[in-house]
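K.L.:
One structure follows; several queries about it will come next.
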Amino acid sequence: MHSFARNRRRFSSTPISQHNHLDPPKPGEERHVTFITKEGESFTFEVADGDNLLDIAQENDLEMEGACGGSCACSTCHVIVESEDMYNKMEEPDDDENDMLDLAFGLQETSRLGCQVKMSKELDGLVVRLPSMTRNLQASDFESK
Amino acid sequence: MPVHHARRAPYVCASCIRRLHHVAPRITRTYATSGPKTAISAAAERSPRPSLRAPARAVHLRRNEYSTSTRKPLRLAIIGSGPAGFYTAQRLMRQVKDAVVDMYEKLPVPYGLVRFGVAPDHPEVKNCQDSFEEVAASTRFNYIGNVEVGKTLALADMKPHYDAILFAYGASEDRKLSIPGEDLPGVYSAREFVGWYNGHPQFSHLKPELDKGERAVIVGQGNVALDVARILVAPLNQLRKTDIAEHAVAALSRSKIKRVEVVGRRGPLQASFTVKEVRELMQFPKVGFKSTGLRSFYPPEGIHTLPRVQKRLAMVLQQGAPIDKHDHKKRWELSFLRSPHAIHAKKNRLNQVIGNRVDSIEFQKTNFVPDANPFSEDAKVHPTGEMVTTEASMVFRSIGYKSTPLPGLSDLGVPFDEKLGIIPNDVHGRIISPSAGPGNLSAGHLPGLYAVGWVKRGPTGVIVNTMMDAFTTADIIAQDWSTNVPFLNTEKGSDASTGLGWDGVKDTVLAQGVIPVDWEAWKRIDKAERERGKQVGKVRWKFADTEQMKAAAGLASSWNPQKMKATAGLA
Ligand SMILES: Cc1cc2nc3c(=O)[nH]c(=O)nc-3n(C[C@H](O)[C@H](O)[C@H](O)COP(=O)(O)OP(=O)(O)OC[C@H]3O[C@@H](n4cnc5c(N)ncnc54)[C@H](O)[C@@H]3O)c2cc1C
Ligand SMILES: NC(=O)c1ccc[n+]([C@@H]2O[C@H](COP(=O)([O-])OP(=O)(O)OC[C@H]3O[C@@H](n4cnc5c(N)ncnc54)[C@H](OP(=O)(O)O)[C@@H]3O)[C@@H](O)[C@H]2O)c1
Ligand code: FES
């Protein structure tokens, strides 16, 4: 099965023609990042320094919309960092990121925007949780119970 | 925590993958059972792919796909092409792998408030359009623009041809102040002003009187109010490169507005605008900020005691604009605890009206009710009886949008809650009727009828909220479909729908001389807008007239680029 084309770097760009590669990590510089889905499944990827969590998630078909294409303007790439220690190792979110985090659903102490978190040596082994994007569903009146 | 497996992120971008017909490995679980036929061919078997669009790529499915092998393909009509409609389509088409979606839009062009609401200087917000394009590229998706449901096409005529109808038509009106003088010339709704600067065909002839005086007053303290304020004070050389309408650039270049006062009936801790938008207004060169008595609204122990969101907003407000009091050319202001009372034309000393347009707005001062916590977001206020009058050469009401019932809703038994301005629903998006419950005594679901977005929740929420809401609605439609509950045309347990969708109603539309705009036609409009924008140094120069849109799509006989150049962009 193919994955969706993800082309959202520039507003004026035409899809399909755009290339948004994730470069392979240099040997010896492989970083690991784990995403835990809302169903509790976890997926670990080997990625390169500088890759951001939005690109990684989208390249790997994980549920992260990234509506604004990673320009820190939508908060649909909200992730929650599992470990407080790791959170503290990260660069502080800047004002722009915090402004969007203010609008994120289910904000936590260790919330970040995936598009603003870039992998680095310090973040090797990072584990983030993807928050639920929907309500718990209920049965229809018509469903035989 | 179990580690699933370590896998290298693919090094080939998704579009390359697609072009090379290389199959990217899936890693997520799906619930799909792949039958012998592909989803698309199954859908095509039931109803030949509507002639509206040329063959295109399919939307590929991921995550949580439900099997529908026992049923005919789900045929869904979506009314409205804003983010609510598109995000529902996206999610539903991934989950119900043979669902075929027809999206109706009353304008020739798609995207709703993403195109006609989101401010021109927020292009990054509009990037969600890229996602919507991917949805529209599916052969299971048909865009039917320029067809207004309830007017060009009756809901009752659609019903036999669909399994489900999703109402995603947003809010096409706005709330009124209902105070004397509201209809005076020079008083505008934020909705029409926003539509005007964004090139909405309905408002392109507004001609707001920006050159009649220096003072604009905006009533309401939401983000729309700040959008309006920003357009009034932002440097024009920044705005003109955006996709702002050229008629707006022309009119703003003649604007005399120097002071913009944004007035709320409660305090700064109750304002509904968000910090990002306030910060933006503090960063323009030569634009000052003033708010008298701001500190009196904050806890005496200091703003650090406030919850995160309020605290960050308070910090930015207290800091104000980093420009010297005397160095500003324009200024924006915030005033609080003022409830609009009346709008007045100019009067002489004998109190006789001598003007014929707005000259001032009168507010009644308010106060927090005695038992209110003034630091809480939902603190209530009451009037004090004391009046204040503010000079105003323009007044904007920005107190919220409003949804209205679509003509013919009752033909399907769909109620409309006039007070809340929504189609009543069960929070998930199933429409409920007060009389549809067991024995018609209690409220109950209406089979096959769903709502999403602003018409479901009311006119609030940014795109992330609308998206999450759409995902919930998509999930509930998929769940209902997978549990075999009755849908729109289920009669005595069997499905009586023709499944024809658009092909079943097309003739009634065409017979009225209405030319539907399909996705390819929209892409031609899109291309023409970008190209003519490039010529004048803008990211896009929108057509602000439906005839021009259709002409650019090659759908109207009166296509005359020369004539268009001469008339477009004139206020
Ligand atoms: C001025 C303004 C600025 C905003 N700025 C931002 C922002 O910067 N960031 C952000 O995240 N959110 C912003 N929002 C919020 C965002 O636009 C909404 O959350 C979202 O658009 C709601 O989506 P919707 O699909 O429910 O409605 P809409 O976007 O309004 O879409 C409804 C669609 O239905 C169509 N329609 C109506 N009647 C019919 C009919 N009878 N037949 C067929 N089609 C019909 C309409 O033409 C429209 O295209 C802004 C909102 C406004 C008003
Ligand atoms: N940049 C962005 O992200 C952006 C831009 C634009 C819009 N949006 C979103 O779009 C949605 C709609 O925005 P909006 O500004 O139209 O609505 P809103 O956020 O609901 O704000 C409406 C404002 O009007 C006030 N009001 C209502 N009735 C009033 C009355 N009779 N008299 C005086 N004041 C009255 C409200 O005050 P009370 O609180 O006292 O009722 C409130 O301050 C919001 O969710 C907004 O965030 C986002
Ligand atoms: S993708 Fe929009 S904020 Fe990260």
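Each residue, glycine too, has its Cβ placed from N, Cα and C.
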K.L.:
Can you match one of B:Glu214, B:Glu277 to the NADP(+) site that TrEMBL gives for B:Gln221, B:Gly222, B:Asn223, B:Val224, B:Arg265, B:Arg266, B:Gly461?
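P.N.:
My reading of TrEMBL gives B:Glu277 as the candidate in that site.
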K.L.:
Region 'Disordered' per TrEMBL: which of the ranges B:34-53, B:314-333, B:494-513 is that?
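P.N.:
Per TrEMBL, the stretch marked region 'Disordered' is B:34-53.
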K.L.:
In TrEMBL, B:Glu105, B:Leu113, B:Val149, B:Trp454, B:Gly461, B:Val462, B:Ile463 are given as binding FAD, so which of B:Ala84, B:Ala89, B:Ala164, B:Ala478 is in that site too?
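P.N.:
The one candidate that TrEMBL places in that FAD site: B:Ala84.
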K.L.:
I'm trying to understand the geometry here, so how far is the Cα atom of B:Glu277 (NADP(+) binding site) from the Cα atom of B:Gly461 (FAD binding site), in Å to the nearest whole number?
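P.N.:
Cα-Cα, rounded: 14 Å.
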K.L.:
Between the binding-site residues B:Glu105, B:Val462, B:Ile463, which lies closest to B:Arg265 (NADP(+) binding site), Cα to Cα?
P.N.:
B:Val462
K.L.:
Write out which of the listed binding-site residues, namely B:Gln221, B:Gly222, B:Arg266, B:Glu277, B:Val462, B:Ile463, lie with a C-beta under 8 A from a C-beta of chain A, sequence order kept, or 'none'.
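P.N.:
From B:Gln221, B:Gly222, B:Arg266, B:Glu277, B:Val462, B:Ile463, the ones near chain A are B:Val462, B:Ile463.
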K.L.:
When you rank B:Gln221, B:Gly222, B:Arg266 by Cα distance to B:Ala84 (FAD binding site), which of the binding-site residues ends up on top as the closest?
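P.N.:
Nearest candidate: B:Gly222.
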K.L.:
Round to the nearest Å and give the CA-to-CA distance linking B:Val224 (NADP(+) binding site) with B:Leu113 (FAD binding site).
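P.N.:
About 12 Å separate the Cα atoms of these two residues.
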K.L.:
Measure from each Cβ of the binding-site residues B:Gln221, B:Gly222, B:Arg265, B:Glu277, B:Gly461, B:Ile463 to the atoms of ligand 1 and list the residues where some distance is under 6 Å.
P.N.:
B:Gly461, B:Ile463
K.L.:
Just going by other Cβ atoms within 10 Å, which of the binding-site residues B:Gly222, B:Gly461 has the emptiest spot?
P.N.:
B:Gly461
K.L.:
Have a look at the binding-site residues (B:Ala84, B:Leu113, B:Val462) and report the one with the fewest Cβ neighbours inside 10 Å.
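P.N.:
Selected from the binding-site residues B:Ala84, B:Leu113, B:Val462 on minimum Cβ neighbours within 10 Å: B:Val462.
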K.L.:
In the three-state scheme derived from DSSP, which category covers B:Gln221 (NADP(+) binding site)?
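P.N.:
SS state of B:Gln221 (NADP(+) binding site) = coil.
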